[in-house]
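K.L.:
Sharing a structure, written as structure tokens. Questions coming.
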Amino acid sequence: MLFNSIDFAIFLPIVFVLYWFVTSKNLRLQNALLLVASYFFYSCWDWRFLFLLVFSTLLDYFTGLKMQEAKSKKGKWFWFWLSVIVNLGFLGVFKYYNFFVESFSEALSQIGLQVNPWTLNIILPVGISFYTFHGLSYVIDIYQGRIKAERNFVDYAVFVSFFPLLVAGPIERATHLLPQIKRQRTFDYVKAIDGLRQILWGLFKKVVIADNCAEFANQIFNNSADHSGSTLVLGAIFFAFQIYGDFSGYSDIALGTARLFGIDLLRNFAFPYFSRDIAEFWRRWHISLSFWFKDYLYIPLGGSKGGNWMRIRNTLVIFIVSGFWHGANWTFIVWGALNALFIIPSIIMKANRNNMENVAQGKLLPTVREFFQIVVTFTLTVFGWIFFRAENIGHAFQYISGIFSKSLFSIPTIQPYYIVLLIILFILIEWFGREEQYAIANLGLKWRKLFRYAFYYAIIITIFWYAGKEHQFIYFQF
Amino acid sequence: MKKFLVRTFFFFFPFVVISYPLDYGISYFLSKSNDASGEFEVWSDIYSSKVNCDIAIYGSSRAWVHIDPQIIADSLNQSVYNFGINGHNFWLQYLRHLELEKHNKSPKVIVLSVDVFSLQKREDLYNPDQFLPYMLWNSNIANFTKSYKGYNGTDYYIPLIRYAGKFEALKSSIKHAVMNTSDIHYRTNGFKGMDREWNTDLEKAKSNNVSYEIELDNKSIELFELFIQECDANHTDLILVYTPEYIDGQNYVSNRKDVIDIYKNLAVKYQLTFLDYSNDSICLNKQLFYNASHLNKKGACVFSKKLAKDIKYERIMTQL
């Protein structure tokens, strides 16, 4: 069930009404309803993978309890590693097995040994990377004594499978979400209206920006050899807006939906394309994943404590692992490594924490320097996206060599003016809303009701005009 | 909560109120257009009960562009309408038949153009926009199109939803609301003679050296037999016609002969007339075709005359 489908438009009000009218006086019932709704939501993709989700939930629930009850360090250690190995084992089998055996077989063929690897003919369960990371963060937090194991299975299962975040995040932490699940929720009008507004903006990003950009990005990337350098540049820019609109749109819908149920999820995007350096970009892009890797990988590896070499090594590790988390393909690994290379100079110069505030905070426009920094950061990011989007490394290099050809300065062969106009309008709205949680959080709140409603109606009509394609969200494949 | 529900209700209320009238308006003007390869013209004629013909021609594009109803009408002195539906197999040809019967007088004779693709069923709903103006709360359209990849369940029951993202249809509707173009027709009594020269589709297919095997759809075959039985029960004369295909393209479908044999056997089983032009002399004349399976305007004229003559000779029309 996609967020941008009619099915979801029917599902959501039904769950909302049951939640606030039928079960609101009983927290246990309310959580049970959320769990049933979440499992139904998940089973709409493929009910068979529901067993995997339930198994993964049961595993972490029981190993969490066992770790807490363990009387010796050894016992605690055993249950911790059992959970980690089984969780990563599932991820390895479903997501990475074919990649590893194929890469191994290719490596052998390079030295003259021919093997026919046994590959699995399986589809990737939707959201496996996300709910596995949920579970891992929970058991790691228990192991490190940050939290206590949850005794109520339903509450824990809602934490793992709450439907707005189940298939593509944000990757939640038990310390943030579990207390909200265990607390009696009361309906908050302002929060609910804000949630609806965020859903609206998320749908706009997905349906209007991402899906339109996707059409041309796909056209250009799929036939990259036939296009001029300037068209290839355009294709990469379209993909940059496609993936941003797609993933941040999804996150907005997830956050907005959760708010309708009185739950606040972690923020996942903070206007990353207005970043002034790559370090700032990564503090603003897929925030919940970046912080997951920071807390559970970067810091355990030593973090920033051991001097420059240690920091560089750790940065490389988390970016490569992060790239690999996205998919079993060398393109993602190169994309991760490339971003690490972009960020390393600022680490060496200790400039990676220079831009912690919003750009042009409290001002209408950025300075020339800031504008220049934004353009450079965006260019580097777009360059990285070429690897992310390419079918394989060869395709990425072919695409890049196509850009740096004589035809770079020719007029693009594809000229979708209406999308360019939509993107400009989108950038403007995002710019003026960049100090908020999402771009239209405050936009028009002080206008007369007539104009405010007209603005929302205009967004709805634009979504309606461009809807109907029902493209999958890109991050569902991760 | 009450405030939230009231405000949400009033926010969406205008959409609910205008959705049906807007749907009606969009559908009305869209149905007046000659877009969707002229399919709107045929559907609108059916739904406005304007047809009431003696002879109905059914089939795919190979009926639509091959059989000129005017030539048949002049020759047989009967009213004729061509209901050929572009790109669709028998499954949707039968839908058109159902809607014709529901809204018009039943034809006395049905000339059904069959071909190698008739008993296949495609996965996608080709030219889906043609159903837009008529599909709201239309159970026949819902029953016959929902098995294709095209529309969702809600598209058939909730006003306006199906127009989401349908730029071309919306633009077309607005265009026809602003400009009165109802006098400009794409088809004449459902027929369109294609004024085209031979194209290179066949040469391209040959260079790819591709052979194609038709996968017969059992449900379509059952429906086909049911249709034959219905015609018999209603005393409607059914004539099966296999219209010409250019000779060089005939080997493209590996099981072509087997499919034609199905029609032959059904014709014997139900005592139907089967006019088989699959090896007619027309098939040898490239100038009468614009591709391997479609006659051009000149070819359609030659073939329609021949068909009219053959129908006469077969004395099928004696009871008319």
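Note: Cβ is positioned from N, Cα and C throughout, glycine not excepted.
Feature table excerpt (TrEMBL):
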- A:6-22: transmembrane segment (TRANSMEM)
- A:34-58: transmembrane segment (TRANSMEM)
- A:78-97: transmembrane segment (TRANSMEM)
- A:118-136: transmembrane segment (TRANSMEM)
- A:156-175: transmembrane segment (TRANSMEM)
- A:332-351: transmembrane segment (TRANSMEM)
- A:371-388: transmembrane segment (TRANSMEM)
- A:408-429: transmembrane segment (TRANSMEM)
- A:450-468: transmembrane segment (TRANSMEM)
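Mind running through what each feature is packed against?
P.N.:
Sequence-remote contacts of a segment are chain residues at least 6 beyond its ends whose Cβ falls under 8 Å from one of its Cβ atoms, and for the transmembrane segment (A:6-22) they are 29-30, 33-34, 37, 40-41, 44, 187, 257, 260-261.
Outside the transmembrane segment (A:78-97) by six or more residues, the chain places 52, 56, 59-60, 63-64, 66-67, 70, 119-120, 122, 124-125, 128-129, 132, 135-136, 139-140, 142-143, 324, 327-328 with a CB less than 8 A from a CB of the stretch.
With a threshold of 8 Å between CB atoms, the same-chain residues lying at least 6 positions outside the transmembrane segment (A:408-429) that come near it are 205, 208-209, 212-213, 216, 219-220, 227-231, 233-235, 238, 241, 245, 273, 439-440, 443.
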